[in-house]
Amino acid sequence: MIENLLNSANSLTATALPLAGFWFREAASENAGDVDFLFNAILWICVFFFVLIVAMMVVFTARYYARPGHSAEHTAHHNNALEATWSIIPLFIVMWIFGAGYWGYMNLRTPPDSAYEVQVIGKKWNWSFVYPNGYIDANLHVPIDEPVKLVMTSDDVIHSVFIPAFRVKMDVVPGRYSKVWFTANKMAPTDDGSGGEDMGGFDLFCTEYCGQQHSSMLAKVIVHESGTFQDWLVEASNWIDKTPPAVAGERLYKERGCAACHSIDGSTKAGPTWKGIYGTEEPLVSGESVTVDENYIRESILNPNAKVRAGFKPVMPSYQGQLKEREIDAIIWYIKSLSGEQAPDAWPDLPAEGEEGGEGEAPTDGEAAATDV
Amino acid sequence: MISQSREHTLLETIHNDPSRRVPVPQGPSYLTTPGAESIWDVVKSWAFTLDHKRIGVMYLVGIMTAFLLGGIMAGFVRMELWDGQPNLLGFLANDGEDPVTRAQDGYNQAFTLHGAIMTFLFIIPSIPGALGNIFLPMMLGAKDVAFPRMNLCSFYLWCFGALFFVGALFTTGLDTGWTFYTPYSTSTNTAVIAATMGVFILGFSSIFTGLNFVVTVNTMRPKGMTWFKMPLFLWGIYSTAIIQILATPVLAITLLLLIAERTLGIGVFDPSRGGDPVLYQHFFWFYSHPAVYIMILPGMAIISEVIPVFCRKHIFGYMFIAYSSVAIALLGFLVWGHHMFTSTESPMAAVIFSALTFSVSIPSAIKVFNWTATMYKGSIVLKTPMLYALSFLFLFTIGGLTGLFLGALSVDVHLHDTYFVVAHFHYVMMGGTLIAFLAGLHYWWPKMFGKMYNEFFASIACLLVFVGFNLTFFPQFILGTQGMPRRYAGYEPEFQSLHQMSTTGFVVLGCGLFLCLGVLIHSLLAGKKAPANPWGSGTLEWKACSPPTHHNFETTPWVGDPYVYDDFVYDPEIEGYVEVLPDLARGEVPAGAESEPSEA
Ligand code: HEM
Ligand SMILES: [Cu+2]
């Protein structure tokens, strides 16, 4: 008996709890509180008016429904005082809502000068987050409690960055730079803080429809505990040294846009497939032919139009300055592995520390540097 | 002052003195073709008809077909969203092998065609094209619209535009979303040109209808019907027509530019050629925001007719309802930027658009309050049209109020392009316009086809639609605030239960709509003959017989206040209302000619 009561009380609270907070995901940025507050304020205003209207409907229907012996009464056809009341009161209410929304929005669109800057490039259908030292990651990593500004552009169609936990969203438009900023103040509940591969993080969605795989254009936002962001960045920037060359090449193939034009399954896109080409002899537009070896691949990356394969247009952009020597090596290893070559498990000649550090200083937590890349 | 026995007295009067019944002229129905010798004659007489009622009926069949097609697409969308994995709609994709990307492709096509068909083929032409065409001239006591040939042309343009859409459907499909945003729409290889040509042609259909209605209302009002004695339906349709004429050309130009961009690469919207993709959004919403009022104003217009009739009470605040339609039509032109708060438009623009957006919400609120006030001390008859009108009040209130969240800048940043927006516009467009359309359809059905439908099953259908609608779309508000983006073929597991609720609701909604269709078709085959005035309405279309003759009226009917019901009495013998002629010999004045009661 008592047990039953307890059980039902338990299930009651279990259903009531989500009811209390079912509108939003937990907020994790400093501005989210204002947005949630305004949302809730509007919600209660709406509930008030909705209940008012529905109550009037119900009461009138119940009292004045047509039945024998009841007929409509002649009442006034209009009443200016009443009309004024129900125009002016809502007018003041919406003016207040407008003001509150305006205040929050201006705040959202004015990043503080000190904000740590991450560049964002959207393309069908993935995100590249470029950190001040040039390191590119497919996820967004940010330090906790520090303003972060995203400077965003698109390589193709319009995309949009939406981070529900931060309550921010901004379109990513080709041909211009858009900005959005936030200060993350919580780590994701799923984030174990290890910074490892399988860390959780907040969802980042593309919310401007961008074609076939729009719903797969996702990323995670990983908030780093205070003082650990720099270490992560340095560590991450050296990822290539710790990755077997062919595996590193595959990641670059996917993340740097090679995949848009080169297939690895033998099919022809805008450029030749990479499958099985290493070591072959291929005809060129000029009528000569070339052996696809390390030198030819390297040249094709840095100076693509020097030797264009027969049957293709000279459309590939040069990656001069965009890929480091080691990255080019990794890609070459990857292409070789697609022809069945055995790539080594590690880099044979690990370079001395600091080779990467040349460009862009990693910012220190606290006073973030907005470095141009 | 009316005593309780007034009805009784009126009933006795017409029984003792039949000459005091306002006569209803009888004649052959406009649905019949006298002298037709073969089925071919009948077909020809419909295909070349200039009768606004027949054109309206053809529109009705057309838009219902479009609605069915759009509904099937909605079914595909909801089925795919039953779980988070894109796995169902691969059969709609054009190419590709991977089952997931094929399903994503199929999903994108399904939601695009759903939106485009529902917007351009169904909701925009629905009320003006079908109900407006039939009842606008009749409410004016007129024989036809001002330009009957143009009216027929508008219908054929509609058919022609619809063909382009169906063509797109059966060739490469269409995957841009109904908004055709550049540069995606200029780069995808689906049938964008066919579809935009379709919308372009449909635009002309819409302009022709609008032009016709404006001229008709301006020039063909009968003697005695001043602007402020017009039924509110006419105010609503008139305001709509003005938007149609002024806004639609902008859409036409935008789509032409889009086509030129795709075929010639002229670089208006393409940033790699010096164009600006955001400019497209300004052009598009410059039309499409006013277009949402093209959709809702006619719905509001129907509600303004149905509520007073079924409350047996004069509409409350006539002038405010009339002026608010005009205010909405005009202010509606100034708020398009609220679709672009996160599009990188300047903060200054966003602030101005937000402020103006809130100003449009006031006239909508005024209407809702006035409709509700009309019920006060009425005698509320809960017949099907009124049930739909009450659903409308409930649903439109939710739709309008949720607009406030979206108009508020900082909150919209979070909600934009999520399911919250999807829920908002379904509450206003489906919960508003479609429900109002169904209210109007049931209200005027006896007049249009001369048949009564089964009241019981019609109200069950209304109930199912109401419940199904809320179950489908209310969960989407929560999905939206939780962050579920729109136009996603797959999603994370946490969204699943709300999506499943929504899909379940869709099934209930579909059952309701099919039941409604069944009831209406049944009435055509086996319904009781309808009296001329089954609900006791005061507007002029009810003074013709049911169904009307080709010329509607033999003589222009006498015009009174459209919302005074004192002279109508229910005659159980004909199961309809009879209008009682005032006994002029005894010095009575017709009720509508009295000055309004002045007490507050
Ligand atoms: C009180 C009145 C209303 C207000 C304040 C309002 C406000 C808004 C706002 C701000 C948006 C943009 C949301 C976004 O994309 O982030 C929006 C979207 C929309 N509204 Fe309303 N609205 C109102 C009534 C209506 C009505 C009456 C209709 C149509 C019958 C309507 C149809 C739509 C549609 C179709 C969209 C979305 C279009 C799209 O993105 O596909 N709204 N509304
Ligand atoms: Cu709008």
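For all residues, glycine too, the Cβ spot is worked out from N, Cα and C.
Please treat TrEMBL annotations as automatic predictions, because they have not gone through curation.
According to TrEMBL, the compositional bias 'Acidic residues' annotation covers A:352-364.
Per TrEMBL, domain 'Cytochrome oxidase subunit II transmembrane region profile' is recorded for A:16-112.
Averaged over the domain 'Cytochrome oxidase subunit II copper A binding' (A:113-235), the predicted model has a pLDDT of 89. The domain 'Cytochrome oxidase subunit II copper A binding' feature in TrEMBL is assigned to A:113-235.
According to TrEMBL, the domain 'Cytochrome c' annotation covers A:244-339.
Residues annotated as region 'Disordered' in TrEMBL: A:342-373.
Per TrEMBL, the feature transmembrane segment maps to A:37-60 (among others). Within the same chain, residues 23-24, 90, 93, 97, 100-101, 104 sit at least 6 positions outside the transmembrane segment (A:37-60) and bring their C-beta atoms closer than 8 Å to a C-beta of that stretch.
The transmembrane segment annotation in TrEMBL covers A:81-105 (among others).
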Count up the helix, strand and coil residues in the domain 'Cytochrome oxidase subunit II copper A binding' (A:113-235) according to DSSP, in that order. 13 helix, 57 strand, 53 coil
What is the three-state DSSP composition of the domain 'Cytochrome oxidase subunit II transmembrane region profile' (A:16-112), stated as helix, strand and coil residue counts? 68 helix, 2 strand, 27 coil
Can you tell me how the residues of the domain 'Cytochrome c' (A:244-339) break down into helix, strand and coil by DSSP? 36 helix, 8 strand, 52 coil
